[in-house]
Amino acid sequence: MSTAQSPIQTDVQHVPAKTTKSIKLVDEAQAKTNLLGMTQAQLADYFKSIGEKPFRSTQVIKWIYQQGVTDFEQMTNLSKSLRDKLSANACVIPPKVIHRQYSDDGTRKWVFEVTGGSLVETVLIPADDSKLNGRKTLCVSSQVGCALDCSFCSTGKQGFERDLTAAEILGQLWVANASYMTDENDSLENVDHSLWENNVTNVVMMGMGEPLLNYRPVVSSMELMLSDHAYGLSKRRVTLSTSGVVPKMYELAQELDVALAISLHAPNDELRNELVPINKKYPLEQLMAAARNYVFDVNPRHKKHVTIEYVMLDGVNDSNEHAEQLVALLGNLPSKINLIPFNPFPHANYDKSSNNRIHAFSNILSEAGFVCTIRQTRGDDIDAACGQLVGQVADRTRRSAAWQQSIKDRENS
């Protein structure tokens, strides 16, 4: 696993001049460096750049992520002079929550306004099975919109605007944990940090956007999710889902050992070209080779599997023949297959497969020796179910031609 660190990419914030109980805000005209989302190595470099000892990075990271503290004045094991210096030059500011909804089934959704006024969403899904010991899974967004244009996904219909910064990605997790320290309608500024507890147990990079097309900020965020000084999640509890950006799959395999999920949705190239257009660039043979490399070649003694995500579309990809093709495609790849009932959205050209059809499809996979689950739809009453993360924004079907043309350069950078 590579330990190379990227240069510091500071997230400069302009925030209003008022100070609150737990989140210190600064003058609009004064740009400050947001420390949220910096890895320990990046933060150590930042401290060296301001003439401080790099070990301070560990102290500050623990305050931010283990105690939820964003006001430097409350970081009591830092010297007064350092606290003053940080207050003058830095900040810890998660993205602004402009809307939140709590579903009847316990699902929570937040709409964030990020720099520039764009909106993104994140969803927290609590397990409803007592055997799962209170598991709470956060579905995190990595981009504003998505450029991949999967034909069955409502999120893609708003087009792509920009990548999220590491602060905007990791801030989603910070806010989700903070929500358990406040009442439903209370401000995050009223968090009692003495009661802080990191309630989120699992993170899936499955929200808005393709994570591997925003590679460095996503990897930096996941490093902090795994760090014992920050959130301390185990590798099997952090999952990155990709539609198949093959070069970045190889890069990730060398750098960060997290769980991998593949948004497959079709067992042959002809159908996947229609449903998941990136398949035209990286067809199934290349995708499966990258998946096998991730499981077998990097650390063959470490038992891993790939999660295969497969949305069930009535009369499109749900026949017995499709199931048999999927069995042949996966072969000996250690896989857990997650069948996802389609969640309809306005002007969708697809329907949900019947329950009988989904179960028949599942039975073929199970009989072939694969672990196969059928995802329970959660949060659909607040438009938080899979494929519904479209945000409360205008439909942006006219995608950025410049972005589309730059994908190749970004993948190979």
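Glycine residues also receive a Cβ, built from the backbone N, Cα and C atoms like all the rest.
The S-adenosyl-L-methionine site recorded in Swiss-Prot includes G209, E210, S263, L264, H265, N343, and the single candidate from S234, S241, S362, S366 that the record places there is S241. If you average pLDDT over the domain 'Radical SAM core' (132-381) in this model, you get 91. Relative to E210 (S-adenosyl-L-methionine binding site), the recorded positions with Cα atoms inside 10 Å are C146, the candidates having been E121, C139, C146, C153.
Among the recorded positions E121, C139, C146, no residue is found with its Cα located within 10 Å of the Cα of H265 (S-adenosyl-L-methionine binding site). N343 (S-adenosyl-L-methionine binding site) sits 17 Å from E121 (active site, proton acceptor), counting Cα to Cα. Each residue contributes its Cα atom, and for G209 (S-adenosyl-L-methionine binding site) and C146 ([4Fe-4S] cluster binding site) these two points are 4 Å apart. When secondary structure is read from DSSP and collapsed to three states, C150 ([4Fe-4S] cluster binding site) falls in the coil class.
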